[in-house]
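**Q** Residues or ranges marked as active site, proton donor by TrEMBL: His104. As annotated by TrEMBL, N(1)-(5-phospho-beta-D-ribosyl)glycinamide binding site applies to Gly12, Ser13, Asn14. Look at TrEMBL and you will find Arg58, Asn102 tagged as (6R)-10-formyltetrahydrofolate binding site. According to TrEMBL, the domain 'Formyl transferase N-terminal' annotation covers 2-182. Residues annotated as site 'Raises pKa of active site His' in TrEMBL: Asp145.
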Amino acid sequence: MKRIVILASGSGSNAENIISFFKDDSRVHVSAVLTNKKNAAVLERCERLKVPAFYFNRTAFSDSDGVIQLLTSLNPDLIVLAGFLWKIPTSLLNVFPNNIINIHPALLPKYGGKGMYGSKVHQSVKDNADSETGITIHYVNQNYDEGAIIFQAKTKVAPSDDANSIAEKVHQLEYEHFPKVIEKLLLKDGD
Ligand code: GAR
């Protein structure tokens, strides 16, 4: 059985989609969701879906090994960042090398980096009148949005689209592809 731990800071619609995708899968299991936001909507989703959820603060994440200890005890095969907005400290990367992936709501290297998340990304796509955008799933390294790319998918942007409708198109791509990419990564060795 492969174990996934999800880190999420906000709504958690991707977290819910991943949990639902693997709900009846005997090979892959979402063990827990961790969040850095006390009131994140993802916590309500976890309660409803009966998935263990843990809150942690900045000290536990960056200034001590609290989160590392928690993650080590959960022993994940893959750590999935799904709308998680803090930079991953090197100490954590060192414990889980090549085992942390992120989804970004644009075609990296476009619109990545510190502060580029959610609607800010989609507004930039709109402001630049781009004719396409998409999603990038990538390994996490010590720089925001710069790790090796695993997968990208594109969608068209119409002149009539605004940041909200672009976000909607991008979310659809995320829901369609993110669980399948995770499944492929986890089961690539044939188990
Ligand atoms: C997703 O669109 C994800 O790609 C984005 O946050 C959203 C979270 O939505 N992540 C970033 O912008 C990271 N830089 P969700 O909480 O409903 O899954």
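In case you wondered, yes, glycine gets a Cβ from its N, Cα and C as well.
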**Q** Residues other than Gly12, Ser13, Asn14 within 8 Å, Cβ to Cβ centroid, of the N(1)-(5-phospho-beta-D-ribosyl)glycinamide site?
**A** Ala8, Gly10, Ser11, Ala15, Glu16, Asn17, Val42, Arg45, Ala82, Gly83
**Q** Do me a favour and check the Cα-Cα span between Arg58 ((6R)-10-formyltetrahydrofolate binding site) and Gly12 (N(1)-(5-phospho-beta-D-ribosyl)glycinamide binding site); whole Å is fine.
**A** 20
**Q** Run through the Cβ atoms and count how many others sit within 10 Å of the one on the residue listed as 'active site, proton donor'.
**A** 26
**Q** By a simple count of other Cβ atoms within 10 Å, which of Gly12, Ser13, Asn14, Asp145, the recorded positions in the record, is least packed?
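**A** Minimum Cβ neighbour count within 10 Å, taken over the recorded positions Gly12, Ser13, Asn14, Asp145, occurs at Ser13.
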**Q** Rank the binding-site residues Arg58, Asn102 by how many other Cβ atoms lie within 10 Å of each Cβ and give me the one with the fewest.
**A** Arg58
**Q** With Asp145 (site 'Raises pKa of active site His') as the reference Cα, tell me which of the binding-site residues Gly12, Ser13, Asn14, Asn102 is the closest one.
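**A** It is Asn102, whose Cα lies nearest.
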**Q** Measure from the CA atom of Asn102 ((6R)-10-formyltetrahydrofolate binding site) to the CA atom of Ser13 (N(1)-(5-phospho-beta-D-ribosyl)glycinamide binding site) and give the result in Å, rounded to a whole number.
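**A** Each residue's Cα considered, Ser13 (N(1)-(5-phospho-beta-D-ribosyl)glycinamide binding site) and Asn102 ((6R)-10-formyltetrahydrofolate binding site) end up 15 Å apart.
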**Q** I'm trying to understand the geometry here, so how far is the Cα atom of Gly12 (N(1)-(5-phospho-beta-D-ribosyl)glycinamide binding site) from the Cα atom of Asn102 ((6R)-10-formyltetrahydrofolate binding site), in Å to the nearest whole number?
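**A** Distance (Cα to Cα, whole Å): 14 Å.
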**Q** Along the domain 'Formyl transferase N-terminal' (2-182), what average pLDDT does this model show?
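**A** For the domain 'Formyl transferase N-terminal' (2-182), the model's average pLDDT rounds to 96.
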**Q** For Arg58 ((6R)-10-formyltetrahydrofolate binding site), which DSSP three-state class applies?
**A** helix
